[in-house]
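Residues or ranges marked as domain 'MARVEL' in TrEMBL: 5-138, 143-290. Taken from TrEMBL, the feature transmembrane segment covers 41-63, 75-99, 111-128, 140-165, 177-200, 212-236, 264-284.
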Amino acid sequence: MAIVLHSSPLLWTRLAALVFSCVAFSVAVHGGRLYHGTGDWCIFCWAFSFAGTVLIILVELFGLQTRAPVSWKNFPITFACYAALLCLSASIIFPLYFLKGSSGPSEVRNYRIVSTVFSCLATIAYISEVSISKARPGEVAGYMATAPGLLKVCETFVACIIFVFISDPVLYDRHDALKYCMSVYCICFILSAAIILLCIGECTGCLPFPFARFLSAYALLAVVLYLSATIIWPIFNFDSKHGGTKQRPSSCSSTQGLCVWDKLMAVAVLTALNFLLYLADLIYSTRLVFVSA
């Protein structure tokens, strides 16, 4: 089997991401003394990114793109975008839990600082890979290399972060309106994830309706749903008439990481962020339909 090695900015960017993510999780495992689930999440982010990049490099090195069971126009950039978001989340969460207020041995702190630095470098490398791989105006590329495709990745990732905050502890069972917000997050996540899987599996042609029009209709539905959740979530969590509180409790200052009020605020911010992402998605998708027409 012939090995195909073409030196390019994309290859060097992937190799840099490979090295940075490997160093980040290796150093953290070796001397970081990670002691709860948050550390496991950060290790997963770096290890998953490393493993996926190894796979992509090997497939392209041996010229196996045509034998891969996925669309190679869509898979590498989709993975790079998820890896960038995973490493970004680890770069924020890791120092928040393991460097903020850390009073352990200086050697352990140094290991954690190194992991944080290389996590940030890995994030930059993956963002650079996405920038290099994304479709240029007039260029024929897969859907996931376009702005709406990349927005779908961001939308699903933000929804996953919302699920993490909203489920530990459960924050949506206090009122029916909050359960409605949870249903909005679930419905939009499932549909966006299904679109990504259809594109990666090259199954969009199997749909009984035009894919572009479906994307526009779904984006419009998601914008309406997320707009309602963006309004409802803060009202039923921070308005005193509904049992909420606007002021951050003083007990949160002594809590490691995020307290319940912080998580409620984080969900509110992330809901608004996803609303903006879906709004941008709607604009791009509608433009795609009318320009194509």
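One-based numbering along the chain as shown.
Glycine residues also receive a Cβ, built from the backbone N, Cα and C atoms like all the rest.
Under the criterion of 3 or more C-beta pairs below 8 Å, with sequence separation of 6 or more, the transmembrane segment (140-165) and the transmembrane segment (75-99) qualify as touching.
Counting Cβ pairs under 8 Å to the transmembrane segment (111-128), the stretch among 41-63, 75-99, 177-200 with the most such contacts is 75-99.
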